[in-house]
C-alpha cells in the first residue's frame, strides 16, 4: 500500500484534521525525510509529514506569509486521492457511499502550497518542486499546468528534470482544454502526462418529459423531496447569453417554479444553476455542447438538476418546440454501478499531439478523472464557482466528487508510489514504462475505449490506455532511460544555453550527437511517414528484463492498411534479470494517398506477459 513512500503534492495546501490524513497504525516518516511542517505541531503526523507554503515566499527567512492551509479544497482532494487514509462511511451528499482511500493509503503525504485559488506562479512551482526533491520525496504530483511552452521556459519541465535526475517520479495533469487536439500541457518526455476518463459509477438523474420520453443525465445533488410532479419546462434562447444562463441573462424571463434548460459552455455548470435559482427556478437541465457529446459530469448543483448529453439536449429542445405547454420532472436515482462503456474519455481531457515534440505520443496514460470522490474543505464549496451563494444541502460535508485531469493525475501518483515500494531500485523511466506498457485499451463492454462522441478514442486522447495497477507491478520488460539520455534529444531541440537551463548543469551540445525525439527509448512509438513509398523509417529500442530470469518474448506488430512494419529480431530471449536486449522496428508506406493519423501496436508476448507499445503513425 505504499508504506514508507513519500508523495509530494504541489497544490493549494491541505485541510488539517481531515480524517483522510489520519495516521492510525502509520509508521514514522523515513529517516531520509528532511522536510518540515509549518502547521500547528499537533496537526502534522505520520500520514501528513510535511506542509509548506511558497506563496510570497521569503528566500532569506525561508518562510511564507501564507499558511499551507487549503482555502480552496483542490489540494485536499488531490492529496487524499493519491494517498488518503481509509475512511469508513465516506460519501458525498449521501452518494457513492463506502470506504474511501487514496491509491497508496499507507504512503506519506508532503504538501507544498504553490497555488492560491486559481493562481499558480511559475517561480513558486519551481521552488516547491526543488524543495520537495531536497526534502526526500519519492513521487511528485502536480495537478496544475498552463499552456505548452518551451521546456527552458517551463518551470514544471525544469523542476521535473531536476526531480528525475534525483530519482523522483513526476506525475502531471494533461490539462482540461479538450477535446481539441494539441491542447495538452506538461508534455516533456521525462514527465508522466495524465489524461482523464470515467469510472463505471454514475450518479443518475433522469429527465422525464411531459410526453413520456426519458433521458439519463448526472448530478451530485440528489434531493429526496423533489417529487414526481410535472413542472413547466422552458428554454430561454432569446440570445446566446440567456441560452447559456449567464449571470443576469435571465432577468427578462419568468423562470419561477420552472425547470430551465441551459446550454453548457462559457460559465461554470454550477453557476448556471445559481443563476436559475436566483430567478426562482425549480430545477435545471444542462445540455451538453456538441464538443462535450455524451460526456456528462455529476456536479454539486445548488438546485435539482441534471447534465444530459448533447444528443439528448437536442431531443428535449425538439419537445419544447413541439408543444405550447412543455413540462418535465427530474427523477433522482442515486448511485449506479457497472455503467456500460467504462472507462470512456472525458470531453475536457486535453489531447495531443504535443506542440513541442509531436513525435512523442502524449498524453502517456489515462486514469479516473470524472466524478472522483475524495476529501474536501466543505467551508470553501462556493469557491468552485467564485460566488457566495448559499448551498445549504451540502453543508457539513467532508468529501466531494470532482472532475478534471487534476483528479486523474494523483491516481497515477499513487500508482507510481505502489510501484516504487515494490521496486525501490527502479528509475522514474522504468516506472513510467511499467505503467504504460501494461495499460488496457478496451472498456467493460469489450470494445475500444470511447471518446465523448462514443467513437473509438484516438491515441492523442487515451495515450497508451487506461492504467492497470496490478499489472503495472509486474510488466515483464521495461523501456528504461537515464537523465543523460535526454541530452542528445534536447541538443537537437534547443541552443546550448537553453539546454543548460533545463538540465541545471553544464552541457556542451557541440560535442553531443543530437537525436530526434522519436529516437528516445520511449515506451510508445510515433513515426512520420513521407508520401514517398520507398523511404523506410527505422528506430531502435532497448528493453530490460524485470520479470523471470529465463524468459522469451515474441514480437507481434499490428499496423493499418497502407503501412508495413518489420521487427528485427522477432524473438528476444533473456537469461537473467536486468539483462538488456535491443531491437529495431522499420516502417514503410505501402501505396495509397491517405493522409493524417493512423495507429497500431507492438506487443512483446511471453507465456506470462504482454508488453504493449502503442504506435502513432502520421501519414504525410
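For all residues, glycine too, the Cβ spot is worked out from N, Cα and C.
Heads up, TrEMBL stuff is auto-annotated, nobody curated it.
Noted in TrEMBL for the protein shown:
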- 2-402: domain 'Peptidase S8/S53' (DOMAIN)
- 11: active site, charge relay system (ACT_SITE)
- 74: active site, charge relay system (ACT_SITE)
- 232-315: domain 'PA' (DOMAIN)
- 388: active site, charge relay system (ACT_SITE)
- 406: active site, charge relay system (ACT_SITE)
- 519-617: domain 'Subtilisin-like protease fibronectin type-III' (DOMAIN)
Which same-chain residues, if any, lie at least 6 apart from residue 406 (active site, charge relay system) yet have Cβ under 8 Å of it: 74, 77, 78, 143, 144, 173, 176, 369
CB within-chain contacts under 8 A for residue 11 (active site, charge relay system), separation at least 6: 70, 74, 75, 78, 79, 111, 112, 113, 114, 115, 142, 143, 144
Within the domain 'PA' (232-315), residues counted as helix, strand or coil by DSSP: 20 helix, 19 strand, 45 coil
Stretch-averaged pLDDT - the domain 'PA' (232-315): 95
Cβ neighbour count (within 10 Å, all chains shown) around residue 74 (active site, charge relay system): 26
